[in-house]
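What TrEMBL records for 18-38, 44-64, 76-93, 99-116, 123-139, 145-164, 173-189, 201-218, 225-241 is transmembrane segment. Per TrEMBL, the feature domain 'FAD-binding FR-type' maps to 268-371.
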Amino acid sequence: MNIPFVDSFLNRITMYRLVLWHLVVLIAVAFFLSFFGFFSFTPWALLFSFFVMVAACWASNEAFAWIFKVTPNTESVYITSFILTLILNPVSFTDFMGAGMLVIAGVLAMASKYILAIDKKHIFNPAALAVAVTGIVFGTYASWWVGGTLSLLPFVLIGGLLVIRKVQRFDQFWVFSIIVLAGVAIKFLPNNPLDSMWDTLLHSSLFFFVSIMLTEPLTSPVTRVHRMVYAAIVAFLFIPGTQIGPFYFAPETALLVGTVYAYIVSPKIRRVLTLKEYKQIAEGVYEFVFATNKPIPFKAGQYVEWTLGHEKPDQRGNRRYFTIGSSPTEEDIRLGIKVYEPSSTFKKALLAMKPGQEITVGQLAGEFTLPKNPQQKVAFIAGGIGVTPFRSMIQYMVDTNQNRDAILLYSTKSENELAYKDVFAEAGAKIGLKTYYDDRITTEELIREVPDYKDRLFYLSGPHGMVVAFEKTLRELGVHRRNIKIDFFPGFV
C-alpha cells in the first residue's frame with residue numbers, strides 16, 4: 001500500500017537515524033510518564049541509567065575502534081545504548097552495583113561488535129548478547145520494561161511500524177507475531193486463548209522486540225525466505241516458558257539462537273576498498289572506481305552498505321546503501337551516485353576522496369537480480385540514478401555473452417543526465433539490447449516499445465514516485481504482480 005506522506009518522510013531519513021529518533025522518543029516519553037507513577041522506577045533513576053549506559057558504550061566503542069583500527073559509527077553506539085536503557089531496569093544514583101552492571105552490559109555490547117565478528121561481520125545482536133551474558137554470569141536479567149505498560153504502547157507501536165515499513169520487513173513481523181500469539185494461545189490452555197493473546201499484545205515486549213531487535217539488518221538474513229525462517233525460529237523460542245532440556249529461553253536468548261542461523265545463511269563480507277579514480281559521467285552523476293584486495297561474491301543488481309567516516313556528518317549519517325554498479329565479471333568495484341544541491345555530507349566526503357583513500361563496504365544483500373532462466377524476456381525501467389543496477393546486469397550479460405531478450409527504458413530530466421550510454425550502446429551491438437530514452441515514459445510509449453509486456457519480467461528502479469506509478473500502470477495493463485520486481489534497499493521505502 002502506498003502512503004505518500006509517510007513514504008515521503010521515510011525517504012528523507014536513513015534507517016539508522018529513524019531507529020535512533022524512535023528510541024529517543026521512547027526514552028523521553030518514559031521519562032515524562034515516570035513522574036506520574038506509570039513505572040516502578042523514578043525519572044531520576046531512568047536519567048542516571050541513561051547517561052551511565054551512553055557513557056559506557058561510547059567510551060568502550062572508541063577504545064575498541066582504536067584498538068582494531070576501524071572507523072567508529074556513532075549512530076550504532078547510541079542505538080545500542082538506547083536499546084539497553086529500554087530493556088534493563090534503571091538504577092538509582094546510590095546503587096553502585098547496579099550501575100556497574102549497566103557499565104558491564106554496555107562494554108560487552110560494544111566488545112561483541114569487534115571481537116565476536118568473523119571477517120568483520122557480526123554474529124550476535126550486541127544488545128541481546130550483553131543482557132544474556134550479564135544475566136547468566138551476574139544474575140542481572142533484562143526486564144524489557146519498554147513493553148510492560150499500556151501508556152508507552154502507542155509510541156512503541158507507531159514508531160515500530162515506521163521502522164518496519166522503512167526496512168520492508170512486514171514478512172518477518174507477521175510470521176513472528178502469528179507464531180508467538182498462536183503459541184501463547186495453545187500453551188496456556190484451558191485459559192481463554194483470546195485473553196492470553198490479548199495479554200501478550202498489551203503487556204509484553206512483542207512489538208518492540210519484533211520492530212527493533214528482530215529486524216536489525218546486521219544480524220538478520222538478507223533473503224526473504226531465510227528472513228521468514230529466522231523469524232519463525234526466534235518466535236518459537238520467544239513464546240513465554242519455552243524450555244529445551246534444563247534451559248529456559250528469554251527474548252534475548254531466543255534472538256541469539258536466531259542470529260546464529262542468520263549468520264550461517266547470510267553472505268559474510270566486509271571489505272575495505274581503495275579509491276582508484278572517480279569521474280563525472282553525466283550531469284550531476286559521478287562514478288567511483290575502487291580496488292579490492294579480495295573479491296566480493298555478489299550478483300549483478302545487489303547492493304552493499306558503504307561506510308565513510310567524516311567530520312560532522314549530517315542527519316543522514318556516515319553510512320549509506322548503494323547498488324554495486326560494476327558487474328561480477330569486472331575486477332574493480334564501481335559506485336554511481338547522483339549529487340544534488342545541497343548535497344549530504346556523505347556525498348561531499350565521497351567527492352573529496354583522493355586516490356588511495358579507503359571506504360568500507362558490508363551487508364551484501366538484494367534480490368533484484370537477473371532471472372535464472374536465460375530464456376525469460378526482461379524489461380528494465382530506470383529513472384535517474386536508478387539505472388545503476390541495470391548497468392551491473394547489462395555489463396554482466398555482455399561479459400558472459402547472454403543474448404537475453406532485453407529492453408531498457410530509461411528516463412531522466414534531460415539528455416545530459418543519461419549515464420552509462422556507452423555501456424548500453426555496446427550491449428546493443430553485442431547482445432542485441434534494445435534501449436529507449438525519454439524525459440518521461442508514458443503508458444502509450446511503454447505499450448509501443450514493449451508490445452509483448454505480458455510475457456516479460458519487469459524490473460523497476462528509480463525515484464519512489466516513479467516506481468509506484470509504473471507498478472500501478474503495469475498492474476492495470478494486466479501484468480501479474482510476480483512479474484514485477486522492484487529495487488529495494490533500506491535507503492528507500
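Just so it is clear, glycine is given a Cβ too, placed from its N, Cα and C backbone atoms.
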Secondary structure composition of the domain 'FAD-binding FR-type' (268-371) [DSSP: H/G/I, E/B, coil]: 7 helix, 44 strand, 53 coil
Stretch of maximal Cβ-Cβ contact with the transmembrane segment (225-241) [cut-off: under 8 Å; candidates 44-64, 76-93, 99-116, 123-139, 173-189]: 173-189
Stretch contact, the transmembrane segment (76-93) with the transmembrane segment (173-189), Cβ-Cβ under 8 Å, 3+ pairs: no
Same-chain residues near the transmembrane segment (44-64), Cβ under 8 Å, at least 6 residues beyond its ends: 27, 30-31, 34, 72, 74, 76-78, 80-82, 84-85, 88, 90-93, 99, 102-103, 105-107, 109-111, 113-115
Winner by Cβ pairs under 8 Å against the transmembrane segment (18-38), considering only 99-116, 123-139, 145-164: 145-164
Beyond the flanks of the transmembrane segment (145-164) by 6 or more, those residues with Cβ under 8 Å of it: 6, 10, 15, 18-19, 22, 25-26, 29-30, 33, 38-39, 41, 86-87, 89, 170, 172-173, 202-212, 215
Positions on the same chain near the transmembrane segment (123-139), where near means CB under 8 A and six or more residues out: 80, 83-84, 87-88, 101, 104-106, 108-110, 112-113, 116-117, 213, 216, 219, 250-253, 255-256, 259-260, 263
Mean per-residue pLDDT computed across the domain 'FAD-binding FR-type' (268-371): 93
